[in-house]
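J.: The structure follows.
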Amino acid sequence: MTGNELRERFLKFFASKGHTIVHSSSLVPANDPTLLFTNAGMVQFKDVYLGLDRRPFTRATTAQKCVRAGGKHNDLDTVGRTARHHTFFEMLGNFSFGDYFKREAITYAWEFLTRVLELPPERLWVTVYQEDDEAYQLWQEIAGIPAERIVRMGEKDNFWAMGDTGPCGPCSEIIYDRGPEHACSSTPCALGACDCDRWLEIWNLVFMQYERDSNGNLSPLPRPSIDTGMGLERVASVLQGVDSNFDTDLIAPLIKAVEKITGRTYDPGEAGFPFRVIADHARSCTFLIADGILPGNEGRSYVLRRILRRAARFGKALGIDEPFLYRLVDTVVAIMGGAYPEVAEQQEHIARVIEQEEIRFHETLNDGLKVLNGILERARQEGREVVSGLEAFTLYDTYGFPLDLTEEIAGEGGFKVDRDGFEKAMAAQRERARAAREDVKAYDFALAFAGALEDISGTAFTGYDQLEDKGTVLALFQEGARVTSLEANATGYVVLDRTPCYPEGGGQVGDRGELKWSGGQARVEDTRRLPDGKIVHQINVTAGTLVVGQEVEIAVDRERRQATARNHTVTHLLHRALKNILGEHVNQAGSLVTPERLRFDFTHFAPLTGEELRAVEAEVNQKILANLPVTTLETSYQEAKAMGATALFGEKYGERVRVVKIDAYSMELCGGTHLGSTSEAGSFRLVSESGIGAGVRRVEAVTGAAALEMALQDRQELATIAGLLKVPPDQAIQRVRHLLEQNKENERELAQLRNELASYTIDKLLDRVQEVAGVPVLPARVQITDPEALREMAERLRSRLGSGVVILGSQHNGRVNFVAMVSKDLVQRGIHAGNLLREVARIASGGGGGRADMAQAGGKDPGKLDQALAYSLKVVAAQVR
């Protein structure tokens, strides 16, 4: 029987019993803030149970789409690890709203299972709430189930509640006995005594009698009612004779589709875990989007994003490095579209949303995953079992890597994440952002002057032609208020009618300088321009009192201005050189020009090679040595563009613009201050090159004396290196190359010796294999310090054993390294390398973990290495089944 046929038979059966077939409600619960998603069939009838709503029927039956991911009912982390758990599933149900109660519910369930589905009655067991004598008797009376197949259980298992509050009541679960061949090793393997795959819950009958309030108090519902839920996928697995829900016709086609995309064959064991996750998540993503949820950062949208990105990550584990999940939407629709037309109607939209989210996530994942793997490797080496909050926050803040994804990946490797530390780092960032906002507020305060200065004329800037001038104080400000004077030691702002001080703009920092007047003076700490063009000087009065109307002398800090102009002119040279070397696609994306150095951001698709960096540096220095004239002119914007001047993308320009021209080499629109000729820059040195965003690179550089100092430092370092190599400086490179070649040859010889030694060591180690519960186990201390070599040795030993468990330990620099390997057949017998090594490493004050077949760990106590290895035998004995 197919899954679709099962759904149809269920609905028709209950329709024949007077039930109204009600279509599935949305996965977004209507008017119910207590639930993230619809997670059971009764959700759409909650108000009916509470007596707040009435329907034109007292009996209903549904096939309800459900999601359990997030909130109290969250199966996300167990999906794919078991044969039964899903984020998305269908719940078949029959409901009574004050119509029938326990007797009829039990009668209908038994009839459907044994007569319609023809399940063998002797395979069916039931559980009842320990205090529900009525249900206990009814199962014997109606179904003839003997008392030994009716198990009383406690509130945890047999008292159902939808959430922390709301309708609830005792329940009775119908269990299908899959047979002793599926039994576990528990003694006894019995319903209620173990939770293995032999005992498959297929139907839960909830006898809705109470409502639980926020204080945990129970009160009778207005009308006792029935709510039942049967897992469609579970019953389909029984009817189709398969071991897992993932093997049913409801999900198996999705696994086949993943096989086709990956070119890999599905393994129903642990190796097939990624296939099962992807198949499940494709279903939940499709249905969530069909019900109007889009990926985002809050609430349901965040859960969808997490599910989608989790599937994408497992696709990467299968070797898929491009968006693929959207391609499974067609398969979901082919299976489910008949029963749920909403997914078929939105098929194209669903696929598009998934693809766009996959594209965004691949950008995040590729960078963040590399960093996280490095963090986990360091933690293993250090014997840590915890990823620090700062490490997790760096992943989140710098790489956009979600905390829950960090926790999930870390957990798979046997690590925990310090969530409290993460929250502290997040709080610290918020505080930094708040402080930054305070700084911005201070700047905005200066901008706010514009509204308070409407009564005064603008400021004339005279600094292109002179560094000293005289002006009149037009206005003074202190602590956000306009004042008439500033006394000695006061800090405030002054607006003059004219000034030679350049106001911050175009990436160039504002000038500093000095004000003098009769009987007083002040330091100019910064200069800024207001939106209306007026120029504000931030000053500190060092002597006397400055009053409105005072005549003052203004002098710019010459040395600082010259250094800034040097870096600004060279920024133009750099821009042109980058275009010449890399291509005309290069455009300025930002800059910072200070007296100390320059920073230039530009559009480019890849990091610069060493050759490109040398070419850029050489070209800029050539133009400096050429002593090219730097000239400026003011013209209209249109004429400047016609002349070929470079304008910054996104920058707003007025009708009149200033053009800075460096001979025939460079011509840009710019309001900054510049040199008279390029030779005044002295020299140019690149300091760094890096990426700051998608398609944006950043270089930092120095000029003049700073570039000379950098060259002198390089020369000194070369002399030091040459001294260590005992050769003249001009022979240092040749000597290093010779040493590198010699080192390669030594490494080749060492590798050969290691292989020979490893073969010898392996033969010796194999003599020390012990048998534990019929399992060959080799715990051994080895003299291997490199973790990669340790893994390789363990792999070779496992290969030679064929079937067995290898646990190797070594010590180096006061630390311990462990590696464990388990053959495939023993993984199936319950031995898990990650769990094994986690316990072993604790003996040596360490931790770690990993997969079932391979794991690594570290420790801090080398003195406990032998004890830890000996303990591994006990752990293996406890795991094997």
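Here the Cβ of each residue, glycine as well, is placed from N, Cα and C on the backbone.
Feature table excerpt (Swiss-Prot):
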type    : residues                       : note
BINDING : HIS568, HIS572, CYS670, HIS674 : Zn(2+) binding site
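Could you place these features in context, so I can see how deep they sit and what lies close by?
T.: In sequence order, GLN508, VAL593, LEU598, CYS670, GLY672, THR673, HIS674 constitute the residues six or more apart from HIS568 (Zn(2+) binding site) in its chain with CB-CB distances below 8 Å.
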J.: Return the residues near HIS572 (Zn(2+) binding site), defined as same-chain residues 6+ apart in sequence whose C-beta is under 8 angstroms from its C-beta, sorted by sequence, else 'none'.
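T.: HIS572 (Zn(2+) binding site) has long-range Cβ partners VAL660, ILE662, SER666, GLU668, CYS670, HIS674.
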J.: Which secondary structure state does DSSP assign to HIS568 (Zn(2+) binding site), in the simple three-class scheme?
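T.: DSSP call for HIS568 (Zn(2+) binding site): helix.
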J.: Cβ within 8 angstroms of the Cβ centroid of HIS568, HIS572, CYS670, HIS674: which residues besides those meet this for the Zn(2+) site?
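T.: Neighbours within 8 Å of the Cβ centroid, excluding HIS568, HIS572, CYS670, HIS674: ALA565, THR569, THR571, VAL630, VAL660, GLU668, GLY672, THR673.
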J.: For HIS674 (Zn(2+) binding site), what is the secondary structure by DSSP, using just helix, strand and coil?
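T.: DSSP call for HIS674 (Zn(2+) binding site): coil, neither helix nor strand.
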